[in-house]
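Going by TrEMBL, these are the annotated features:
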{"type": "DOMAIN", "residues": "70-233", "note": "domain 'Glycosyltransferase RgtA/B/C/D-like'"}
{"type": "TRANSMEM", "residues": "95-113", "note": "transmembrane segment"}
{"type": "TRANSMEM", "residues": "125-142", "note": "transmembrane segment"}
{"type": "TRANSMEM", "residues": "149-168", "note": "transmembrane segment"}
{"type": "TRANSMEM", "residues": "174-207", "note": "transmembrane segment"}
{"type": "TRANSMEM", "residues": "219-238", "note": "transmembrane segment"}
{"type": "TRANSMEM", "residues": "290-308", "note": "transmembrane segment"}
{"type": "TRANSMEM", "residues": "320-339", "note": "transmembrane segment"}
{"type": "TRANSMEM", "residues": "345-363", "note": "transmembrane segment"}
{"type": "TRANSMEM", "residues": "370-391", "note": "transmembrane segment"}
Amino acid sequence: MKAKTILLLSLITILAGVLRFYNLAVMPPGLYWDEISIGYNAYSIAQTGKDQYGKSLPVSFRAFGDYKYPGYIYIAAISVKLLGRSDFAVRFPSALAGTLTVLLMYFLVVELFEKKPSAISHQPSAIAAVAALLLAISPWHLQFSRGGFEANLALFFLVAGWYAFLVSLRKHGMWLTVSVILFLLSAATYISTRLFAPLILLALVWICRKNVMKAKRDLATAVVTGVILSLPFVPSIISGEAVIRAYSESIIGKEKLFPKVFENYLANFDTTFLFFRGDQNGRHSVRKLGMLYVFELPLVLLGLRTLIKGKGNGRNMVFAWLLLAPVSVSLSNINPHAIRTLNMLPAWEIITAIGAVGVLKVINRQKREATRILVLGVLALAVGYNILLYIHQYYIHYPRETALDWQDGIKETVEIIAKRWDAYDEIFVSDALPPLYVAFYLPVEPSDYHKLSNPAKEMGKVKYFQYAWEIAKTGKRALIIAPFWQKPDEKTGYEQIKMVNGDTVFNIWEI
C-alpha cells in the first residue's frame, strides 16, 4: 500500500472515530431501555458470569418483553469491566465497531473489484476510498454507531465476514472458516441478521462456486465448524424464547402473506425513506433528513447504471447483498425500518462510490482547468451543505426533539436518589421509571439483584408505585419520585427533573 493511501485511509478512519466517539456518553441524551438492559446484563456478566436473572452464561437474555441476542452483551461486558459501569462503556462497542467498519470498507471494496473481469472500469482503490469516506460520514451509520445498538455490531461482523470470504477466494487455508465464524457472530448479535447472515453467505458461495469448489477441504472445514458453533443456539432458536419476539412482530398468519411481504420489501427501497425523511422513529434517525444524503441520490443512479452494464462476481455480490438485506424485515409489521435494514448500507455506499468516481472521471476529462475547478467547487459546496445540515440537526435540534425517546432525565433522577440515599427511610419510585435504571445507576450489585424476589416492586428501601396518592404516611421519612403529571398537594413543595428540551419528566418531594 502506498504512503498516500495509508495517509488517506488513516485520515478517514480518524474522522470516523471522531464522529462516533465525540460526546458519546451524552449524545444521544440518555440510555434508552434496550441500552440499559444491555448495560445491566453486561455489568452482571462482568461481575458474576450471570445475567440479571441469575442464569449463568446464557445464549439469550430475557429483557423488556423479549429476548436479546448474546453478541453485544458479552462484548459490552468487556468494556464495562475495563471502563467501568457507565453510559460510555455501554455504547463503546458500537462506536468502536462503527469506526472499524469504515476501515474494513476500504479493504472490502478493493478485494471486491480488484479481480478481472470487474463490474467497473474505475480504479478499485479510488472506489474503496470514497466508499469508506461515505460510510464515515453516513447519517445512517452514525445514528446507530452512537448508541448501544446490536445491529451496528452485527454489521461489523457481516462486513468482516464478507471481506474474509473474498480473501478466501485467492488464499486457501482458514479464511473461509473465519468468514463462517464472523457471519455466525453476526447472527448471534441481532435479530435481522439471524436470517440475513446465512442467506448472504449461501449467495456468496453460489456466486463464487467455481472458486470455492477448488478448495473442497477448506469448504468442508468451514461447514463443520459452522455446524458445531451453531449447536449452542439451537435450543433458544426452537424454544418459546425465540418465538416470542419473532411472532409478536411478524405478519405471518395475520394478513394475506405474499402481497404484504412484497409491499414491505419494496418499502425499504422508498426514496422518501432513503433520501428525504428517514425512519420516523426518534431513535432511528433525525427524522427531517434521509438515511442517506440527498446528494447521494444521483450518484446511486449512476452507480447502479455502471453496475448493471458491468459484469463479474463483484457486481453480482453487491446486488445480492442489496436485494437480500431487506428480506427478514419484510416479514415484520414495521416497514421501512432503518435499524433492521442497516445491513443494506454497505451496498448502498459501494454503489454511491462507483457513481461518485465516475463523475470525478468525467470532470477530470474537461480540458479547461477553470471548468474543472468550478464544477468541483459547486459539487463540494453541495456536499458540504448536506453534511453540515445533518450535523446541525443532530447536535442542535435532535436532542430536544427526541429526548423522551431516549428516556432523558431518568439518569439524573436516579443520581438524586443515590445522593440522598442515607437521608430517607423509604424511597417511593413511580413504575414509569424502569427498575433496571435504578439497578444500573444506583447501583444495585448484581449479586444482590439476583436475590430480589420482585425487583419491579421493591429493591431494598426503593418501593415502586403506580399512583402517588396511594402512598400511605407511616411516620418514616420518605422521598417520592413521581411522573410529571402527579404532584403533591399545594402546601408541599417539590422539585422537577427536566429533559434537555425543558419538559418535566419527574416530580420529587418528601413526606
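Cβ atoms here come from the backbone N, Cα and C positions, even for glycine.
Annotations in TrEMBL come from automatic prediction, not curation.
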Contacting positions for the transmembrane segment (95-113) when only residues 6+ beyond its ends and CB under 8 Å are counted: 9, 12-13, 16-17, 20-21, 24, 119-120, 124-125, 127-129, 131-132, 135-136, 141-142, 144-146, 152-153, 155-156, 159-160, 162-163, 166-167, 314, 317-318, 346, 349-350, 353
Contacting positions for the transmembrane segment (370-391) when only residues 6+ beyond its ends and CB under 8 Å are counted: 137, 139, 286, 289, 293-295, 359, 363-364
Spatial neighbours of the transmembrane segment (174-207) far in sequence, C-beta under 8 Å, 6+ residues away: 59, 69-72, 150-151, 153-155, 157-158, 160-162, 164-165, 167-168, 215, 218-219, 221-223, 225-226, 229-230, 233, 245-246, 313, 316-317, 320-321, 324-325, 327-329, 340-341, 343
Local confidence of the prediction over the domain 'Glycosyltransferase RgtA/B/C/D-like' (70-233), expressed as mean pLDDT: 95
